[in-house]
Each structure stands twice: as structure tokens, then as C-alpha cells.
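A short worksheet on the structure shown next.
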Amino acid sequence: MASGGGAVASLWTEVNRCGQSGDFTRALKSVNKILQECKDDVTALHCKVVCLIQNGSFKEALNVINTHTKVLGSDVIAFEKAYCEYRLNRVENALKTIESAAEQTDKLKELYGQVLYRLERYSECQAVYRDLIRNSQDDYEEERKTNLSAVMAAMSTWEKAAPEDLGLPETSYELCYNSACTLIGQGELAEAMKKLREAEELCRMSLSEDSDMTEEDIDSELAVIHSQMAYVMQLQGRTEDALQLYNQVIKLKPTDVGLLAVTANNIITINKDQNVFDSKKKVKLTNADGVEHKLAKKQLQAIEFNKALLAMYTNQADQCRKLSSSLQSQNPGHPRPALIQAAQLCREKQHSKAIELLQRFSELHPESASEIKLTMAQLYLIQGHVTKACDILRSIEDFKHKPGMISALVTMYSHEEDIDSAIDVFSQAIQYYQAEQPGSSAHLSLVREAADFKLKYGRKKEAISDLEQLWKQNTNDIHTLAQLISAYSLVDQEKAKSLSKHLPSADTMKFNVDVDELENSHGATYVRKKAAKVTGENLPKEQGQGDTKKKKKKKKGKLPKNHDPNVTPDPERWLPMRERSYYRGRKKGKKKEQVGKGTQGATSGAAAELDASKTASSPPTTPRPGSAAAAAPSNVVPPRQQKPAASGATRKKPQQKKKKGGKGGW
């Protein structure tokens, strides 16, 4: 005991009793009274720091440690100091404190593992936890295994490292959840979903045993599992299901700001340029206090990228430039900020500036130029500069020998009718595979495509070497041999003749095709009729007998009911009524005497006098149906077909209004 006074002794008793009961507030009061008597008592200062840590006053505890550095040495209070720095998110300082400690105790190693995990030094963290599990025997073994499984999941997700099978039992929902995260990092989404279902069941079972847990408490605990399920659905393309599950998590309002930020960010990625109002609300959840201490660096980076993209989609050009510039300064070699800036310029129809920006970035950061150059090629194609796009694509060393890139280049060169450049692409690719993967399926298929391309464009001489290479690989390939003979026939006919000896004879070429079955098949366009069977009644005729055709009986036509055989039928009866010579048109009114049928001013009496049909002596101008009268002379034209002498004589014009001060319209 530091002091021998009776009052101090009773205070130490009070401190001991409060510490055992967990009442650290009363214990702190007693410790302060002791320090009033003995200011530099090491035990009292140590107890004060512990009480402050238990009450969550980490900053005050750290101030006490830093104030009494002479009394509280690093060997006495190294763990408490490192823990306060860790809880105050001063992770780098905590690491220095742990590494400078004189003795590495088990509790310092536990904290060391946590610090390494926060610093994303996963390989070192894995080694620390393995050592702790191997050399510790207490009640915290399952927690250590859970932490180790979390490290393995982080390595699989962020470092894309193949995880080792550590044989960790999945007895708790935390272990099962971490195993699912490891599978997600490996891309095994279906298996990961099964593990998440198992974790959900284990969580419900373990929490339902606690009578104090309500259904809302259980749902809040399950929120992280449901959010991860939605992420798997999103990766599988089930965006509607994922969005529904994400929104359920948001409605629960979990206290974990990291979970809220990740869920809101994933909703924004589903919305993209749609439902922008909802994305604006969700982006506020990613700005909560303490988010930067809950998430990994790549998660925070992805959230910032999405903020810049959202600013672009909402036409906030200045905000988009500001965010992308900030991201580029924080991540100078990352291509995505430059791509966002280029996308914003393209939205402003400044494609040339976008290409210049990407060109500068690719020159400054050649290690990240592949993705940038692909975008540049796309922009050149949008502008119609196909040859420039091809030049950019051929400059990408990582992709220029890939089958997809070769196919794209040949297609674009063919579109530009630059066959020589397309053949050059084939030649370079064949040389690469000849050196790296000779005789592989990719090599031979490329040679085959090159030969077919050259033959398609009439370059048979250039195709000979490719065809010879293919035929040597498979001398039983008749199709290749036939192509080779065809190509040699233009260059060396003797060589073509010698190669033709290798062709199989027609007798040996059996295709096992049933001609009758082929002709009678469903898809046959011509079907040969089978000969009719000869029966006893249908015997062959004697020589000289001709084949007689059966005469068809003519059916008598039906005559109309009012048919008169003595009257000659109308020769124009087959024509429509309007096309017959005697058709005069329909009468529009019942009144025969109407004004306006002749010249303006003519009376109905004059019109009646001029109507030849009303005179009894005038013969009909056209024959009536059924009459035997002779046709009218050719110089006589029926009245309805007479052309008017003037254009105004037959057409009634609307009456024009007289202008003031002018003359009449006539």
C-alpha cells in the first residue's frame, strides 16, 4: 500500500470493492482522494487511468499518462496508452507504442493484431493471431478464431489472395459469416449465399435463446448479414431483389455507420443515372461521422468515386471536377478519376479535350495506361476516326495479342478496306503465339482464321504458308488440303498436281447419306414422286396405242332470268358502269331545271332548248343495251363528254367580294 494512513487505507478498500462490483465512477472518486494525499503514487495513477478507460474517457486517460511520463514508464502502462490511442483512432501512434514496449505480453499481442488489421497489414495480422491461438489457452479462443477468419476474408476480398484452409469450425454465426465473405472474394457467389443462409439461421437460434432480445433487436443484428446477401444478389444481376433487401436494412436504422454507408453506396450504384433524387438522399448516409474509421480504404475510395459520378449525373459539372481532382491528388496513379473527368467533358461535347486529358495521363502513368487507351479508342470511334482508334489499340501491349483484340482490329481494318493492315495484325499475332504457345489451340485457330481471311479477299499466295502449317498439323484434313491445292494452282501448278495425289478417290469417299430419306425429309425443297405400283388392272398398253387424254365436260353457263335470246347482249357489259361509253353519271338533284349548269347568266329555258335528248326527232347518241340500232358516227360526242370552250364555262367559281373603291371582278 502506498501510504500507511488510516484514511488512505479505507480509500483503497473502497477502490477495491468498487472495482470488483464494476462501479468505476465511485472508484475514480476514491482514487482522486488518494492522489490528493500522494500525487506521484504509481498504483493510484495506474488505477485512475484504468477507471477513465472503463468509463470511456480515453482522451482524459491519455492526458494523465502523458502528464506523468516520468512516474508511469512504458513498461508499466504501455498497454493502456496504446489502447487509448487505438480507441481515439490514432492507429499509427498505437503501433509505435506497442513496438516500443519492453515486453510483449499476450494482451499487447491481442491489441497488436487489432492495430495491424486497422492498418490493413493482413499478412502480419494473420501471423499474430496464429501465434496467439497456438500459445493461448483461455476462454477467448473462439474470439481469436473469429478474428483470424475475418483476416482471411479481408485478404480474399481486398488483396485477392487465395485463402488457406485453416480448418476453423463454423460453430458461430460470426465464423460462418466470415467464411461467406471469403467465398465472395473468390467469386463463388452461390456457395457464399448458402453460407449466409446458414449464418442467418445460427444468429436467430443464438439470439432467440436470450429472453431480453426482441424481434427488432434480432433484425438489427441480422442487418449486416442481409446487407451482404443483397450484395451477392447484386453481383448475380438480381438488382431488384438486392434493392429491396438494401432498403429493408436502411429502414432498420442500424447504429453501425459503416454498415449504413456501404448499404447506401450500393443503392446508389444500382440507381446509376436513374432515380437521382433517391441517390441524393442516400449519399448523405455516407457522410456520417466516424465512417472513415469503420471502412477499408478501398471502400472509402469507391464511395468517393460514386459521389463524383452522382455529381456528373445530376449535371453538377463544377462539383464533379472538384471531387475528381481531389481523388486524383489522393490517388495519382489510379485511372478512374481521369476517366470521370473525361466523361464529364464528353457530356459537354468536348471529345477532343477528353482525348487530350487521357493522353496526358497515359504518358505520366504508363502502368495504368491500358484502361485509359481503351477509352481513347472508343472516343476516336465516336468521332469516326477508325484508323486512329486502331493505332491506339495496337499500342496496348497487354491486350494486343488477345483473340478479342485481334478480332476487333481485323473487323475495323476490313471496314476501312485496309486489308494489308489486317493481315499484318494476323502475322504479328501468329508470330507471338509461335514463340510463346506453339501448337496450342489458340495458335492453330488463329492460323486458320488468317488463312480464311486471306482466301476471302483473294490473297491465295499469302495464304499458302498458313495452309501448309495447318495441313502439317493434321494431314487428314481434306478441307485444308483442297484450299492449299486451290492456292497453289495460281502459283505452282506442278505443286498443286503433286498435292492432289493426297486427295482421296471418289470411291473411298462415303458419306453414308440416304438420298431418298434426304429428299423426303421435312426441309427438302424438292421431293421426287414415287412411281405408282403396277396392278393387274393397270397393264402396259400395246405398242402403237396412243395415250388418250380425258376430255373435261364443259358446264353450261347460267343465264339471267330476264334473258331474251332474240336481243343482242351489250358488248360493254363486262366493263364497270363508269367506263361504259353511254354512262352519263348520277343525277344529283330531282329538279331537272337548275341554274348554274351552263354559262353564267344562262336561263333554264335556254338549257332546255339546247338539250338534244328532249327533241323527239334526234336519234340517240349511244346505243342502249339490248337495242339493235347502229352506232353513232365517230364525229358525234355525247353531251356529257363535250369539253368546254373556255375554262370558266363549266366550273362554278365562288362569288368574289368587291373591293372598296375598285371595279368588279368581271
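Heads up, the Cβ atoms here are built off N, Cα and C, so glycines get one too.
Here is what TrEMBL records for this protein:
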COMPBIAS  549-560  compositional bias 'Basic residues'
COMPBIAS  570-582  compositional bias 'Basic and acidic residues'
COMPBIAS  613-634  compositional bias 'Low complexity'
COMPBIAS  650-666  compositional bias 'Basic residues'
DOMAIN    528-585  domain 'Signal recognition particle SRP72 subunit RNA-binding'
REGION    529-666  region 'Disordered'
REPEAT    223-256  repeat 'TPR'
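Break the repeat 'TPR' (223-256) down by DSSP state and the numbers are 27 helix, 0 strand, 7 coil. In terms of DSSP secondary structure, the compositional bias 'Basic and acidic residues' (570-582) contains 3 helix, 0 strand, 10 coil. Per-residue confidence over the repeat 'TPR' (223-256) averages 94 (mean pLDDT, predicted model).
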